[in-house]
Every structure is written in structure tokens, then in C-alpha cells.
Amino acid sequence: MARQVPLERCRNIGIMAHIDAGKTTTTERVLFYTGRTHRIGEVHEGTATMDWMAQEQERGITITSAATTCTWRDERINIIDTPGHVDFTAEVERSLRVLDGAVAVFDAVHGVEPQSETVWRQADKYSVPRICFINKIDKMGADFEHAIDTIRKRLNAKPVAIQYPIGLEDKFKGVIDLFKMKALVWHDEAMGSQYDVEEIPAELLKKAQAFHNLMVETIAECDDELMAKYIEGEEMTAAELQAGLRRATIAMKVFPVTVGTAFKNKGVQTLLDAVVDYLPSPLDIPPVTGKNPDTGLEEQRSADDKQPFAALAFKIMTDPFVGQLTFIRVYSGQLKTGDSVYNSSKGRTERIGRLLKMHANKREEIGEIMAGDICAVVGLKTITTGDTISDEKHPLVLESIEFPTPVISVAVEPKTKSDQEKMGVALNKLAQEDPTFRVSTDPDSGQTIIAGMGELHLEILVDRMMREFHVQANVGKPQVAYRETIRKEAQAEGKYIRQTGGSGQYGHCKIRVGPNEPGKGYEFINDIVGGTIPKEFIKPIDQGIKEALEGGVLAGYEMVDVKVTLYDGSYHDVDSNEMAFKIAGSMAFKEAARKASPVLLEPVMSVEVVVPEEYMGVIIGDLNSRRGRIEGLEHRAGSQVVKAMVPLAEMFGYVNSMRSNTQGRATFSMHFAHYEEAPRSVAEEIVAKVQGKPAAR
């Protein structure tokens with residue numbers, strides 16, 4: 001089948017921002033103006049097309065990333081609307097991994113907000129070119145120039161305004177196109193679908209000229225040819241400048257800025273024009289690199305239908321009508337319904353049942369997908385998020401998606417025996433969909449423990465378990481996910497010998513342990529020379545150490561950032577086997593870790609409180625009493641912003657305390673920053689609690 005839309009006319013984009021900046025409202029307008037929907041859905045009414053989950057409609061927030069496809073100026077745009085709440089950071093992470101470009105939406109009053117910084121850093125990590133949309137320019141206190149300034153200062157980015165607003169707050173009626181130097185004015189009665197091109201109002205001419213000159217200079221700085229013309233004082237055409245801006249945007253040297261109000265239907269078409277004009281097609285991005293699992297060598301795949309098939313699974317979802325849906329991004333080649341594909345991450349071949357184009361939670365069946373497409377697949381049984389599927393004759397494993405580890409957990413107990421069976425199925429399905437959701441069993445109490453990124457995250461997962469899977473359960477109080485690590489180097493040996501008639505068991509190893517760089521995780525180094533331990537027993541030792549890491553040595557928490565070197569040992573010709581060396585590895589590690597000054601690590605959150613000036617003292621005092629470190633204060637839109645680092649354990653119930661301290665006039669946001677060593681008194685209390693002893697005073 002021939003390609004319906006040439007690859008250079010395709011865009012894969014995400015819409016990302018801080019919670020409440022207006023991402024979903026912007027997406028709803030995009031769908032309306034591109035003819036994808038015939039009625040505008042509203043978040044506050046619970047009718048937004050992209051927020052289709054019951055929990056999203058009730059809370060007025062986006063929880064999952066919903067995918068859709070629309071057409072603008074004969075260009076196909078695949079859009080993923082991502083959540084802005086920090087608890088759903090995994091949804092943003094996995095979407096950005098497979099997108100070619102993004103629209104970052106900012107609130108015109110606040111500019112850059114805490115979660116805007118988080119998603120911006122995530123986009124930097126995956127080198128995703130972006131354009132910025134300053135939304136809510138009609139809101140009281142809107143300030144276009146301040147919003148741009150926050151992008152420059154707080155994100156350390158180079159924004160370039162390509163539009164300037166005509167009027168602010170309730171006087172906003174259109175934008176100035178800084179390339180053509182014309183005013184675009186919208187009509188309220190036409191639902192924003194039409195605008196007139198007029199001359200720039202006289203009172204704004206000077207400001208528009210200054211912004212035009214700044215734009216020309218910024219674009220010229222990124223392009224040698226244009227710079228030469230600029231220095232010579234030659235006139236540059238709008239087409240030349242736009243081509244230069246496209247190159248600079250794709251190279252992430254600059255970020256074009258547009259402006260409007262999605263809710264009042266102004267500025268959305270010009271945003272769509274910018275998506276088509278400046279964001280990359282799959283042909284504009286570098287080829288993807290992966291490893292051939294057979295040879296271990298790196299290989300590249302470019303966006304070409306004729307190359308071998310390669311795609312990345314970035315999301316798994318359970319659909320009540322068709323079962324498990326796997327969302328994939330195709331990087332090269334093509335695939336038809338009924339074809340067999342090779343899961344190169346797992347080494348298994350599977351058959352494609354159906355291929356679906358998704359529009360939020362509605363499905364459209366298609367027969368074939370090609371390079372650059374994003375779609376859903378039915379029929380893949382063993383796949384997990386981050387797996388690569390490829391052509392079996394040309395296997396390739398692409399770089400997977402990294403997800404943050406959960407920082408908060410609760411115990412869940414089914415109410416009846418039938419709930420217990422249903423709960424197991426429900427939790428497995430939810431864990432398969434969400435890589436930041438973990439399910440485990442407490443070895444002492446036998447309780448089921450679920451862990452996630454925050455209280456809201458767990459609340460929504462429990463709500464889904466009850467509604468979608470009809471499970472009734474009691475939920476415990478939130479608990480903090482502590483970690484353990486070591487501070488010194490130490491050595492130990494593990495010797496496991498068992499003699500039980502016939503062949504026995506013999507495993508013996510000597511190891512050195514030491515701290516690894518924070519965030520580097522576990523590292524195993526094999527320094528065995530001369531065959532003192534045969535090659536086939538090295539992996540079981542590594543496995544035994546990994547299992548010992550899971551239970552720590554202080555309070556049973558996972559141990560992280562540890563380097564282990566295996567340097568000596570011995571074996572028995574008859575009695576040695578894999579199990580004996582696995583046990584020996586575990587014994588050696590536990591002994592070495594106890595000698596290596598083990599410490600408890602606690603998750604620390606980056607907290608930002610926006611508060612009226614008169615309550616600032618009480619907020620700072622409260623954060624200090626929670627073991628918080630004040631990192632900075634700044635003035636923003638008539639309020640003070642207090643930034644602090646606070647241990648997660650001290651933040652439970654903070655929202656109620658903050659509201660009562662400020663008569664409900666403050667707001668706060670927090671996201672996970674890092675793990676750091678817990679103070680001795682706190683660590684002793686936690687260890688004593690786990691071991692069931694009173695803490696030493």
C-alpha cells in the first residue's frame with residue numbers, strides 16, 4: 001500500500017506543561033480547528049475528548065497520555081496530550097522518548113512553574129525540539145514579556161517571540177505576526193475559526209518593531225549565511241527567516257514563542273502553523289541507534305519504509321473491549337496486520353492481531369503502519385514498556401525508557417476471598433500499564449504493598465482497581481520508600497558447604513564492596529584470574545548479591561549505589577553448583593555490607609510554596625519544623641515563592657497545615673529531588689520500628 005501522507009509532511013508532537021497551564025484545553029481547540037471533533041470539549045465540564053478516564057473527568061486533570069491524529073494544511077499531526085501533575089511524570093517521560101517535537105504551554109501570569117521545569121528537563125534529556133505557547137493571555141495579571149523572561153532565566157533557554165499580543169487581560173483580541181508585520185484579529189462570534197489580517201495598531205508599532213528586530217537578530221545568530229547578510233545590512237525575506245528559524249529550532253538553539261488564549265479560541269491556528277513550520281518531521285531527526293542482540297554491535301535505522309522494521313513500545317493499556325493495547329512508535333520499515341514481529345528485548349516472536357489508530361479512547365482499524373507512525377497494536381502478549389519490536393532477520397534493541405523509582409507506598413488488603421483473587425489480577429494489569437507502580441508482598445506480614453510516585457498517584461490507582469476491576473479493599477496509611485547504602489569499603493568471604501549423603505554443595509567467594517557514585521546503582525566487577533572460580537559460577541554470585549541488595553542489612557530496604565568486586569574464591573570439582581555459589585555470594589555481600597558503615601537514605605522533595613507576603617514567615621517556620629532547608633525566595637505575580645528541600649516523611653498532611661496557616665490562600669507543588677542520608681536519630685527510630693524494638697534515646 002502506498003503511503004498516504006509523505007513523511008516530510010508528518011509531525012509527532014506532545015503537548016506538555018505545568019498542571020493547569022491549559023494543555024488539554026489547547027489540545028481540544030486543536031482537534032476542533034483541524035476538523036477532528038465537531039464540538040469543543042471542556043475540562044471543567046468533564047467533556048474533554050482527551051481526558052476520557054472517569055478519574056480525569058471528576059478531577060479535571062490529565063492522568064494518562066492520550067494519543068490522537070489530526071490534519072492541518074495537509075500535514076498529518078500525531079498528538080500526545082501528557083499530564084502536568086508531578087505524580088504522573090512517567091507518562092511524560094515515555095511520551096517524550098518517542099516524540100519528534102513538543103509544544104510547551106505556559107500560563108501568561110506565572111510563566112515557568114515547577115512542573116514546567118521538570119518536563120522541560122525531560123525534553124532536554126531526549127533532545128526534543130520545542131515551541132512555546134504562552135496561554136491564558138486574557139487572564140488578570142497576564143504579562144507576555146515576564147513569561148518570556150521566566151523561560152530565559154528559569155529554563156536557561158533561548159526563547160524567540162514570533163508573535164506579540166494585541167492587548168492583555170480582557171482587552172486581548174489578536175496577535176502581531178512578527179515575520180509579516182501584520183495584525184491578526186479574531187472574531188468572537190466565529191468561535192475563533194476566522195481572523196482578519198490588518199495593519200498593526202499605531203500604539204503597538206514601536207514595540208512590534210523592537211520585537212521584530214530582536215527576532216531577526218536571534219535567528220541570524222544561529223545561521224552563518226543569515227549572519228553575513230545581517231552584518232552587511234542586507235534585507236532578509238520572511239521565507240529566509242522562517243527557514244533559518246526552522247533549522248535553529250530543530251537544532252534546539254532557539255525556541256519559537258507564540259501567544260493566545262485557548263479557552264477563548266484565539267491564537268490556536270497560529271500555534272498549529274508554527275507546529276507545521278518549525279517542528280521536525282521524522283526525516284529531520286537523526287537516525288535512531290540500537291544494538292544488534294546477536295552481534296552486540298551498534299546499528300542505525302533512519303525513517304525509511306524500505307529499511308528493516310523497528311519500533312519501540314512506549315505504553316501498555318488495558319482496553320475493556322479489545323484487551324491489551326500496546327502503543328508503539330515506528331522508526332523504520334512497515335508492518336501489516338497478521339505479520340510476525342520479533343521482540344528483540346525478550347527474544348520472542350509474536351504475531352500482530354490488529355493495528356489501530358487511536359483517538360483518545362476511540363479506535364480506528366488500519367491495515368498497515370509505516371516509518372514515523374504512532375499507533376496501537378493488539379495481540380502482543382509478552383511485551384513490556386520500553387521493549388523493541390523488530391524484523392526477526394534484522395533484530396535491534398533500541399535504548400529503553402528510564403523511569404524514576406517509586407517513593408511512597410501503602411498496604412492494601414482485600415475485603416473478601418473473591419476480592420483477593422480479583423485484586424491480584426487488577427494489580428498485575430495496572431503494574432503492566434504503569435512502570436512507576438510496583439507491587440510486592442511484605443515478607444513479615446504477608447500484606448500486599450503497592451508503591452508509586454505520590455499520594456495522588458496511589459489514590460487514582462486504588463480508585464481504578466475498585467472501579468474497573470470491582471475490587472473492594474482496605475488501604476493503609478502512606479509509607480516512605482527508604483533506601484540503604486554504604487559509606488566505606490570492606491571485604492568479606494562467603495563459604496557455603498553442605499554435606500548430605502551423595503553429592504554435597506560447595507561455593508566459596510571473596511569480595512570487596514565500596515560506595516558507588518550516587519544514582520549509578522549496583523555495579524559488579526569480575527576480577528577473577530587464573531580460573532579460581534569457573535566462568536559458569538560468576539553469574540550466580542552476581543545474582544546472589546543482587547538478591548541480597550533487595551533486603552538491605554539495616555532495616556530491610558533496598559540497597560543502592562554499591563560497587564562489588566569479586567576477586568578470589570575456590571570450587572569443588574563435584575560439589576560446586578550454581579545454587580551453592582549464589583548462596584555464597586549473598587552471604588559474602590551481607591557480611592561485607594555490615595562492615596562498610598551502612599546508612600539509611602530518605603527521599604527528599606523539592607517543594608515550592610506560592611504564598612501572600614503576610615503569611616511568608618509562618619510558612620517558612622512550618623517548613624523548618626519539618627526538617628526543611630530553605631533554598632530560596634522570589635517574588636512572582638504579587639506573591640512570594642518559597643523554595644525548599646524537605647524529606648518526604650515530613651510532608652504527609654502538609655496541604656491541610658498550609659491551608660489552615662494561610663486561610664487557604666497558599667498553593668504548593670512538590671516533586672522528588674533525590675535521596676540523601678537520614679539524620680542518625682531518624683534512622684535509629686526507623687530501624688528500631690522495623691526490628692520491633694524501642695529506639696535508643
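Using the three backbone atoms N, Cα and C, a Cβ is placed for every residue, glycine included.
Residues or ranges marked as GTP binding site by Swiss-Prot: 17-24, 81-85, 135-138. Residues or ranges marked as domain 'tr-type G' by Swiss-Prot: 8-283.
DSSP gives Ile137 (GTP binding site) a coil state; it is part of no helix or strand. Other Cβ atoms within 10 Å of the Cβ of Ile137 (GTP binding site) number 27 in total over all chains. In the three-state DSSP scheme, Ala17 (GTP binding site) falls into the strand class. In this structure, the binding-site residues Ala17, Asp20 were compared by how many other Cβ atoms lie within 10 Å of their Cβ, and the smallest count belongs to Asp20. For the domain 'tr-type G' (8-283), the model gives a mean pLDDT of 81.
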